[in-house]
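Working notes for the structure below.
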């Protein structure tokens, strides 16, 4: 028949931060090969699936992944060889059974995910389909509104900005290609503004600029200036999205948020909610990810009650792409969106289950990269297959980020007249869809 798995290979390669990661090849009986490499995060949720590292400080500073690779070769491969690559659910469930732990700590989520994604790519190639067509079938025609990271702070840079990501979303574009053009123009305009003010234009892990700004507010003000100077209207054409990654700022002992890179100010949950409420009134912000810490469920509830009808509130560390945590959030009325990171959960099957649960509850879903990426473009196909309408995959620089955007441009071209770009209409979880304009 040809579609059964004949062999699985695995190797240690290097990601965009110079750290080792896992790449797997799934080879079918007829010689068809699917290859995939897994990403890695810098700021990680405490409930994420475990990324297995070797821990030998004398090799790659302890970040080697040879244990994960051995698990693929010695445990996963013997069980999967002979199985049908066309049954993704069976493949993923077999690996979950082999691991047997809630966080995949035995085999490593990096081992499991590499094989899961490579299997899907092999199956698609065997059937003569693109990955997005194979995974999404007839529904795979929505191109995502991108969240483009243009200023980095926090754990993704070495500057005085507390919040990790300041992003732009071209909500007024008519096509994905136009959205990328708009974002690129703002990116280059911002570079000119930073140069003019004497700020460095070096970039962080995700390709955004990492200037040593005077305050967190200055980042928003610079972005608004760049949007206007590029010829667009803030809010109407291009909105701002934030990922403050506040779990990195939260002290669970004092239950306070410490703005440790800027003012050293300590804020209670209530004060943090008010902080974001004022920002939403002041700036054209449409989305805030991890506006409260993952342990601070009460704070999350207060934030959702306060501004959840106005903007998209995205749970990343809060939900870690896990249906158990998402279910809790839905029942509590916490957040209105989930960030989807395949390596947080570890298999494509579980990823699809999380998106399905979110959609049924009226939550939006955003497919996301990690700060440590590779040239693998699977998430570009995945976002179209899932039809979530939003992607977060870094800035308009660094090949590891651009590769995903370029793949989406190709997909849009392939879809021709059936391609859809929903722009600001992707925010179906918000009751009040009016984005503040300036």
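Positions of Cβ are set from backbone N, Cα and C atoms, glycine also.
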From the candidates 139, 327, 392, give the one listed by Swiss-Prot for the same (2R)-2-phosphoglycerate site as 164, 341, 370, 371. 392
In Swiss-Prot, Mg(2+) binding by 243, 316 extends, among 217, 218, 270, 289, to 289
If one measures from the C-alpha of residue 371 ((2R)-2-phosphoglycerate binding site) to the C-alpha of residue 206 (active site, proton donor), what distance in angstrom results, rounded to a whole number? 6
164, 206, 341, 370, 392 screened against residue 316 (Mg(2+) binding site), Cα within 10 Å - retained recorded positions: 341
By CA-CA distance, flag whichever of 206, 370, 392 among the recorded positions is nearest to residue 289 (Mg(2+) binding site). 392
Residue 289 (Mg(2+) binding site) falls, by three-state DSSP, under strand
